[in-house]
Structure formats: C-alpha cells, structure tokens
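These come from Swiss-Prot:
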| type | residues | note |
| --- | --- | --- |
| BINDING | Gly39, Glu40, Asn41, Gly42, Ala43, Gly44, Lys45, Ser46 | ATP binding site |
| DOMAIN | 7-244 | domain 'ABC transporter 1' |
| DOMAIN | 254-498 | domain 'ABC transporter 2' |
Amino acid sequence: MGEHFLLEMVDITKEFPGVKALDRVQLKVRKGSVHALMGENGAGKSTLMKILIGMYKPNEGKIIFDGEEVTFNSINDALDKGISMIHQELSPIPEMTVAENIFLGREPTFGKSGLVDNKKLIEMTRNLLESLEINIDPRKKMGELSIANTQMIEIAKAISFHSKLVIMDEPTSAITEKEVAQLFKMIESLKKKGVGIIYITHKMSELDEIADDISVFRDGKYIGTDTAKNLTRDDLIKMMVGRELNQIFDKPEPKLGEVILSVKSLTKQDYFEDVSFEVRKGEIVGFAGLMGSGRTEVLETIFGVKEAESGEIFVNGQKARIKSPQDAVKNNMGFLTEDRKLTGLFLPLSVRENMITVNIDKYINMGWLNGKRVKKDCEQQKQKLYIKTPSIEQIVENLSGGNQQKVLLARWLLKNPDILFLDEPTRGIDVGAKSEFYNLIFELASQGKAIVVVSSEMAEILGLCDRILVMHEGKVTGELTREEANQEKIMQYATGQAKMAKKLHVHNNFEQTVTANKIEIG
C-alpha cells in the first residue's frame with residue numbers, strides 16, 4: 001500500500017444526538033491514487049467526507065494532510081489546504097459562462113478598479129481546461145452543457161484551487177457509458193499530476209477500471225482496506241453487508257402456475273420487432289441485453305406507454321386491448337419504471353400520497369376520501385415492506401433510494417396486480433437494500449404474481465430469474481433457463497454472437513456493456 005500517505009484520518013468518531021455515526025474510523029489515501037470508498041447507505045461514507053471538507057467537526061480523532069495535522073472549521077479551510085469535493089447533485093449557475101463559474105469570486109481584475117478582465121479570465125480558463133484535456137468553450141453558458149460536461153467543469157474548478165485531493169461522490173450516476181470513459185481518462189490525467197482521488201460509488205464494475213485501493217465501511221465502522229486487485233466482488237459484498245453473495249439471492253424453489261401473460265409477435269418500429277414470450281403465475285422472467293437492445297421499450301409497449309405497430313397481448317388467455325397505462329392497470333398489470341424520480345415518484349408529495357396515486361378511486365366514497373382507510377393501508381405497507389421513514393407523511397424526496405423504491409412497490413401492492421413489470425428495480429440503491437428488495441420479489445412470486453424484470457446487472461438477472469430472455473438490436477436472440485444461464489452465454493446472445501436455438505419468450509433493456517468477467521452489484 002506504500003508508506004507515505006497524502007491523507008490520514010485516524011480514529012475519527014462522530015456522534016449526533018442518540019446516534020454514533022462514526023466509530024473510530026480510519027482512512028489512508030496515497031498521493032496520485034484513486035481510493036474507492038464502499039459501503040451501504042448509512043455506512044458512514046458521507047459523514048466522513050463532510051468531516052474531511054470541514055462541514056462537520058469530529059468528536060474524536062485527527063486528520064493528517066500532506067504530512068501536517070490539520071483542523072478544518074469550514075469548507076474554505078479545506079479548500080485552502082487543497083481538498084475539494086465534487087458533489088453528486090451538481091449546482092452550477094446556469095446563466096453564467098464556464099469561465100465565470102470556475103473562477104467565481106476569484107476573477108482577474110484591472111488593477112484596483114475591481115472591473116473583471118474578461119480577456120484574461122477566458123485565457124486562464126482555456127489554459128486550465130487544456131491542461132486537463134477538456135474541450136469546452138470557456139464562453140459557453142453552463143446551462144447549455146450536458147451533465148457529464150458540467151461534471152468536468154466542476155472537476156476543473158476543483159483543480160483551479162490547486163487541489164491535491166479531490167473527492168468524487170457517485171460521479172457516474174447520471175452519465176452515459178461514453179461519458180464515463182471520458183471521466184475515467186480525466187481521472188487518470190489527474191493521477192499523473194499526483195492528485196489523490198477519493199471515489200465514492202455503488203458500482204462495483206467501475207472498481208476494476210479506476211480504483212487502486214478500496215476501503216469498506218459498515219454501520220459507521222471501518223471494516224478494512226486493500227488494493228483493488230486483491231479484492232474480489234464476493235470479498236467486497238461480504239465486507240459491506242456481512243453476508244456471502246449466495247445469501248443475497250436466497251431464492252426459493254418456484255411454484256409455477258398457468259400462463260397468465262402471453263405476448264405474440266409484438267413490434268414497435270425503430271425499437272424492437274417480432275417479440276414473443278409467455279409468463280406463468282409465480283414465475284420471474286428476466287430480460288437481458290445491452291443498452292438500446294429494446295428491453296425497456298417492450299415493457300412500455302405492453303403497458304400502453306408506447307403503441308405497437310403489430311402483435312397481440314393475451315392476459316389469462318383473453319386478448320387484451322391495451323392502448324394506455326390505464327388499460328394495462330385494468331388488466332391487472334403494474335409497472336415500476338426505470339427512473340423512479342423522473343417517471344415514478346412525485347417527489348414533493350408524502351409517502352402516503354405517493355402510495356395511493358393509482359389507487360385513489362378505491363378510497364373515495366360519495367366524493368369523499370376515506371382518510372382513515374388510507375392511513376391504515378399505507379401504514380400496513382410501511383410495516384410490510386420495512387420502509388424506513390418516521391411517518392407516512394414524510395416527503396418522499398427525503399427518503400433513501402431503497403426506501404423510495406419500496407414506496408413505488410407499495411403503490412402497486414395496494415393495487416394488487418397479477419402481473420408486475422420491474423425495470424431496473426434496484427438501480428441506485430445499495431447492496432443491503434437490494435437484498436431486502438430481492439426477498440420482496442421472491443415473496444410476491446410465491447404468492448402467484450407473474451414478474452418480468454429488466455436489469456443491467458448480470459448478477460441480478462442470474463440471481464432473480466427462473467428464465468432469461470436476451471435481446472440484441474431489438475430482437476430476442478436467446479432464451480435460457482436458470483440452470484442453463486451464465487454470464488458468458490448471456491453476453492454471447494446480447495452481442496449477437498450466438499444464434500437462438502430455442503423458441504421465443506422475451507423482454508427488454510440491459511444497459512451498460514457488461515463484460516463476461518464482471519458482475520455489478522451496486
């Protein structure tokens with residue numbers, strides 16, 4: 001691991017009223033390295049970083065930075081020493097230019113006049129961006145940039161403070177695969193300049209590419225540190241949650257019933273063609289494939305979000321006419337969408353209000369909402385799904401990702417559908433929350449619900465599903481039973497390298513390219 005460290009955080013303890021958030025935590029970061037922090041939500045990663053940048057004061061412990069013991073009373077104290085943080089929620093000023101955002105409050109001026117020297121400002125910004133190999137016009141408005149480019153500018157801003165250590169919090173959560181590659185290239189450039197990077201992520205697939213060292217935290221405690229090459233996925237999962245990988249997918253034997261959903265030759269131009277599959281009661285069918293293969297669009301078309309050009313849908317043997325999501329709901333279908341914040345939840349509303357949005361009719365009698373019954377049912381779902389919230393009146397935006405996803409599931413459980421579509425059901429939630437969610441899915445299947453899952457996580461598809469349909473460029477190229485399925489076979493079908501040898505049965509959208517030797521959990 002090396003003997004000289006850019007950063008040492010020693011025996012850091014932080015207490016809030018009634019809660020010990022950090023308990024004698026350690027962290028050592030080498031100069032010119034990427035040090036990944038792993039752990040579930042609530043493990044203590046964010047609290048530790050807030051102490052490092054001066055937002056919180058520790059109750060105990062010390063921080064040694066660049067060989068000197070330091071105390072930070074504010075974010076500016078940390079910045080002055082060369083520590084900066086790129087937050088997950090970016091907050092640039094959209095009306096300002098790139099140059100104005102980077103050097104806000106530090107603009108070059110004409111002598112004592114106080115007037116900004118715009119020519120010099122542009123020149124300083126251009127030189128900074130060129131040194132980081134960022135090809136963005138300094139005069140461009142921040143509001144015109146993509147999320148990825150906004151992130152690049154935030155990193156450039158951090159470097160403009162002559163930062164020796166940059167903290168990146170979930171930097172790839174909202175950018176494309178191509179943009180991720182661009183970000184990783186930039187990180188490598190920073191490493192060569194001797195900058196240390198603390199990299200917070202849930203995505204294990206990124207660790208092979210970017211991390212030099214990994215530290216794991218659990219329940220406010222430091223679990224351990226090792227080089228990335230010495231830690232397997234199973235090692236990390238066990239360190240993070242205290243359980244083996246096979247315990248996370250504790251799948252019971254399925255009890256399959258009659259065919260409840262049958263899709264025949266479904267086609268949506270420019271998205272997918274001739275998709276056919278069946279799902280039985282109690283069965284979990286998964287759709288795998290690369291980004292753009294058509295998985296999500298298949299679900300959206302069955303659910304009436306998109307209109308099919310041709311094909312038929314049968315529910316319980318009867319032909320179903322589904323032209324809208326309302327039609328799908330009438331056919332006892334439910335749909336957890338891919339982006340819970342954009343197309344699923346109403347973030348400013350309460351847990352209770354979100355739960356009843358598709359069920360409100362059953363609570364209205366003679367024009368009046370039966371608030372007592374609503375409260376009773378919502379409280380039951382809160383208990384049943386172990387939703388961690390002080391109250392069903394809590395604003396849903398304030399919940400963790402895992403609990404937000406449970407609120408969405410509760411919405412559909414109140415509707416009690418026979419067929420449930422889950423599109424990327426655990427995206428953005430940590431390993432422990434995923435394990436809880438998987439158990440809920442298994443329980444629903446044991447009750448006879450038919451479940452169709454789209455997931456970009458190979459381990460999730462393999463661990464959840466009784467049968468897996470693989471898509472490539474809008475077509476179903478393979479179907480595998482649970483016993484037949486493995487990473488290599490799925491990737492062969494997903495990349496078009498294998499010919500389909502079995503009859504059809506399909507599904508939809510498998511995102512980022514997953515190489516055969518990588519499993520992403522988190």
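Placed from the backbone N, Cα and C atoms, the Cβ positions cover glycine too.
Sequence-distant neighbours of Ala43 (ATP binding site): residues of the same chain at least 6 apart with a C-beta under 8 Å from its C-beta are Phe217, Arg218, Asp219, Gly220, Met240.
DSSP assigns Ser46 (ATP binding site) to a helix.
Spatially close to Lys45 (ATP binding site) yet at least six residues away along the chain are Leu37, Gly39, Ile200, Phe217, judged by Cβ distances under 8 angstroms. Listed in sequence order, the residues of the same chain lying 6 or more apart from Ser46 (ATP binding site) and placing their CB within less than 8 Å of its CB are Asp169, Ile200. Note on the binding-site residues Gly39, Gly44: the fewest other CB atoms within 10 A surround the CB of Gly44.
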